[in-house]
Amino acid sequence: MSKINLLLLCGGGSAEHDISLMSANYFETSLAKSEQFSVLRVELDKFGQYRTAAGDDCELTNSREIRFRDESKTPWPVDYVIPCIHGYPGETGDIQSYFNLIQLPYFGCESEASSNCFNKITAKMWFSALGIPNTPYIFLNQFDDAAIEQTQAALAQWGSIFVKAASQGSSVGCYKVDDSDKVAGVLKDAFGYAPYVIVEKTIKARELEVAVYEYNGEVVATVPGEIICDTNTFYTFDEKYAKNSKARTDVVAQHVSAEISEQIRAYAIKAFKGMKLRHLSRIDFFLTADNEILLNEINTFPGSTPISMFPKMLQNHGHDFTEYLSLVINGQLTAKS
């Protein structure tokens, strides 16, 4: 049986470029455990240039093959692609649109679902439409005096707020604000990352995460895990990835009742199905001291670094990551043929 030529595409050039490379390491190691795949790892930079791990400049063509700048190298036909790209252009849905155009099968959520989840404003509209509780918010479409006034009013009403660039991941462009004098500066910074900004009420709560993925035709939601941050901090980019991070992750959240756990899992599956996600996601919730459950955000291509929760929760649920990838890829290619 011939091997599947699998393109492992990583990087992307966004603020999460280096994290994407770390995740790609995990995918590459997992795929190497199967004899089904011939894997070519290619990094995409912020200028849209492709380069193999061996340093060869190349491009993905409309004919679904990798062509090398060195024309003496034989083009490499691509059967399947894993876009291991956090942020733009992967989680934004842009690169999936291109794959659809050239009819190249790919791993992960499709273009529209990716875009809807990546934009925090659009995502919250979907959460509300699906009847899933989420945090109170306002959104802003330009940086001006009116935006500053609206944000200061929200701060006065809620006591503490988060100002977030609407289309960034890994807490990029995300700021906790308790002082009205800082509103203008924070808004200016947030608008530097995205054309839209969302302002949310700060919720004092536990941060719980659920891995939701497709396995043998079923949508699976794991028991919630938990992010435990250092005192008076939130889960910033540095807290997520710095070697000296004081944040802790528990694959299984402690002291969560079976009833609450099941409700969180039910909301997660409802969001996955309702927003037509595919293959994988990590869905994050807040759990308040009063046991109020609030959907925070959905990550359509969760990190797979050594400290990332998605692969740990999948494994804890009893599923092997390599087998999971094989099932998804083979099922998709069989359906296509």
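Quick reminder: no glycine exception, Cβ is built from N, Cα and C everywhere.
Straight from Swiss-Prot, the features:
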- 154-209: ATP binding site (BINDING)
- Asp284, Glu297: Mg(2+) 1 binding site (BINDING)
- Glu297, Asn299: Mg(2+) 2 binding site (BINDING)
- 124-330: domain 'ATP-grasp' (DOMAIN)
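Mapped onto this structure are the features recorded in Swiss-Prot.
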residue: Ala154; record: ATP binding site; DSSP (3 states): helix
residue: Ile161; record: ATP binding site; DSSP (3 states): strand
residue: Gln168; record: ATP binding site; DSSP (3 states): coil
residue: Tyr175; record: ATP binding site; DSSP (3 states): strand
residue: Lys182; record: ATP binding site; DSSP (3 states): helix
residue: Asp189; record: ATP binding site; DSSP (3 states): helix
residue: Tyr196; record: ATP binding site; DSSP (3 states): coil
residue: Ile203; record: ATP binding site; DSSP (3 states): coil
residue: Asp284; record: Mg(2+) 1 binding site; DSSP (3 states): strand
residue: Asn299; record: Mg(2+) 2 binding site; DSSP (3 states): strand
Candidates Asp284, Glu297, Asn299 (binding-site residues) - the one closest to Ile161 (ATP binding site) by CA: Glu297
For the domain 'ATP-grasp' (124-330), mean pLDDT (0 to 100): 93
Same-chain residues at least 6 apart in sequence whose Cβ lies under 8 Å from Tyr175 (ATP binding site): Phe162, Val163, Lys164, Val186, Asp189, Ala190
Packing count at Glu297 (Mg(2+) 1 binding site) (other Cβ atoms within 10 Å of its Cβ): 19
Which of Gln168, Asn299, the listed binding-site residues, has fewest other Cβ atoms within 10 Å: Asn299
Distance [Cα-Cα, Å, rounded] between Ala154 (ATP binding site) and Glu297 (Mg(2+) 1 binding site): 20
Entries of Gln168, Tyr196, Ile203 which, being binding-site residues, have CA atoms within 10 angstroms of Asp284 (Mg(2+) 1 binding site): none
Local Cβ density at Tyr196 (ATP binding site) - other Cβ atoms counted within 10 Å: 18
Lowest local Cβ density among Asp189, Asp284, which the record lists as binding-site residues, within 10 Å: Asp189
Set of same-chain residues at least 6 away whose C-beta sits under 8 angstroms from Ile203 (ATP binding site): Thr135, Phe286, Thr288, Leu294
Cα separation, Glu297 (Mg(2+) 1 binding site) to Tyr196 (ATP binding site) (Å, whole number): 16
Site with most surrounding Cβ atoms, counting all protein chains shown within 10 Å, from the binding-site residues Ala154, Ile161: Ile161
